[in-house]
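Listed features, source TrEMBL:
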type	residues	note
COMPBIAS	547-568	compositional bias 'Basic and acidic residues'
DOMAIN	30-73	domain 'F-box'
DOMAIN	110-246	domain 'F-box/LRR-repeat protein 15-like leucin rich repeat'
DOMAIN	250-445	domain 'F-box/LRR-repeat protein 15-like leucin rich repeat'
REGION	530-581	region 'Disordered'
Amino acid sequence: MASEKLLSEQVTKQTLPSQASQNSLAKASTIPSELILQIFKYVTSTADLKSCILVCKSWCRCGVELLWHKPVFTGYGSLIKLLVTLSRSTQTFPYALLIRRLNFSFLGEHVSDEILKRLSSCERLERLTLGGCRRLTDNGLLKLLDKADGLVALDVSDIENLTDAVVELVGERCRRLQGLNVSLCKKVSDKGILAVASKCRSLRRIKLSSCDIITDESVVILAKNCPHLLELDLTNCNQITNDAIQPVFENCTQLRELRLACCTKLTDESFTETMPALYEQLRILDLTSCALITDQTLLKIAHSAPKLRNLVLAKCGNITDEGVYHITRLGKHLHYLHLGHCSRITDHSITHLARHCTRLRYLDLACCTQLTDASVFELSHLPKLRRIGLVKCALITDQAIYALIENRVVQHTLERVHLSYCVNLTVPAVLELVNSCFRLTHLSLTGVPAFLRPEVQQFCRQAPKEFTPHQRQVFCVFSGKGVKDLKQYLNSTVIAQQRNRIANGVGNINDQVVGPVAAVSADIEESVVSEAEGVGGDISEGGEGENENRHSQNDNRNRNRVSDRNPEGEDGDVGNALLDF
C-alpha cells in the first residue's frame, strides 16, 4: 500500500503543473497586448513565434496576428495552402482580415485573376505588390481592390494588360494611398493618373517609368495636388517637356528623388529658369540621355541642391569639363556619379573632382575616351571608392591599375571594377588587382585581348543567350566565385612559370611571369579595338551577378528593362540603376 501511494504522488507531481509554472502563466496573460505585439516583433523565427502562440490565449491572439500580417510564400504550393485556409467555412480566427501585406512579385506568372478573386476577402490590405504578374488583367485587380480602402502602397508594375480602369478605382477607393508604381504599364494614360492625383492627396511616391503616353498634364496635376511627394519617376516618359518641370519645383518642396531619364525634350530651361534658389532636400537626380542639357544646368543644380547625393548624367553629350567643375561644388555630399558617354570630359576636370568630392563611392566614366592614367592616379586616393567604371577608356594602361591598388584604403573598399575594352591592359596588372583588393566581387574585362583565352574565360559568367557568336568570343566578366577562381588560377600559373624559369636557368624572378597571349584572329582583334574607340557596335555584358540594393527587387528589374539593353556594356554597371545610400 505504501509503495502504491508513493507512485501515485509521483504521477500527480508529473502531471500537474508546478505552482511556479502556474504563476508564470498567470503573469504572462496579464501583459497588455500592445507590449506583447511590440516584443513579438523582435521574434524573427516563425517557428519561435508558433511556440509563443501556445503559451496562453492572449499570446495566441497577438502571435496569430503577426503570423498572418505578412504571409511569406516560398513557392506556388504555399500560396495554394493559404487559399485553402481562407476558403474554409469554419476558422479559429478571421484570417483574411489579419492579412495586411501581400507580395506576389516572386511568383510572377503563377498569379492569375482567379487567385486575386479568391483573395477579395482580404479587406484590410495596406500594401500589395504584384510587380511582374503579367497574367493579370483588370478583372482580377478590380475585384481585389474594390474593398481595399486602407491600401497605402500598390505596385502593379509590368502588368501589360492593366488599364486606366484599375488606376481610376485606386483613386476612388484608396484615399490613403502613399505609394503607387505603374512602371511599364503601357496602357495607363493621363486619365488614370488624374484620378489618383485628384483623390489621393497624401501620395508620397509615384513611379511612371515607361508609361510613354503620359503627358505634361499628369505631372502638373500631381505636382499641384500632391505637395508631399518625395519621389517622382518619369523615366522614358518621352512626351514630358519643360512645362511639366516648373510646377514640380514650385509645389513639391519635399521632393528627394527625381528621375527624368530619357525625357529627351528637356532643356536647360527646365532647371535654369524654374529651379528654386534653394532646393536642398533633393538627394537623387537622374538625367540620363537628356542630351539637350548643358553645363548651365549643372551650375544651377550645384547651387540649388547642395546636398545632392546621387547624380546620373550618362549620355548627356554636351557636358564638358566646365560642368564637372560645377559638380565639384557638391563636395563631400556626392556619393554616386555617372558620367558615361560624356566624351568631352578630360583629365583636368576628373582630377579636380577627385580632390573635392572625397566621399565618392561609385563613379562611372565609361566611354570618356579622352581620359588617361592621370585621372585614375587621382581617383586612387578616394577613401570610400567601391565601384569604378572605365569601360572603353582605351588610353588606360597598366600604370593606372598599379596606382589604383597602391592606396591601401582602396584595397579594402573596392568591390566592382569595370575595365571592358581597355585594350592596353595585361595579365600581370590584373593579377595585382585581384590579389590586392580583398573585397573585389566583380571584374569585367570583355574585349581585353590579354584575356581572350579559353583557359581564362572558363571562369567567366555565362554570356547571355541572345549574344551573337562574336559577342560570346569577347565576353569576359567575372563575378563572385569567378573572381576567386581567376585569382587562384593566375597565381598558380605564376608560381609554375617561375619554377620552370629558375629550373631552366632562364631569366629571373622579376621577368614577366605570364606567358604570351593566345593568338586572336585578326578580325576579332580589329573589332575589339574599333569598339573600344567607339566605332563598332556596343557589346552588352549582361546583367550583374548580385543585386546589392534590393530596396525593391521588382523596381531594379523595371529599371533594367527601361534602360538600354546594356546592363554592363558601355555604361559599366547595371544599366542606369541608382544605388540609394
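Placed from the backbone N, Cα and C atoms, the Cβ positions cover glycine too.
TrEMBL: automatically predicted annotations, no manual curation.
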Rounded mean pLDDT within the domain 'F-box' (30-73) lands at 80
Secondary structure of the domain 'F-box/LRR-repeat protein 15-like leucin rich repeat' (110-246) by DSSP, residue by residue, totals 50 helix, 15 strand, 72 coil
DSSP tally for the domain 'F-box' (30-73), helix/strand/coil in that order, comes to 29 helix, 0 strand, 15 coil
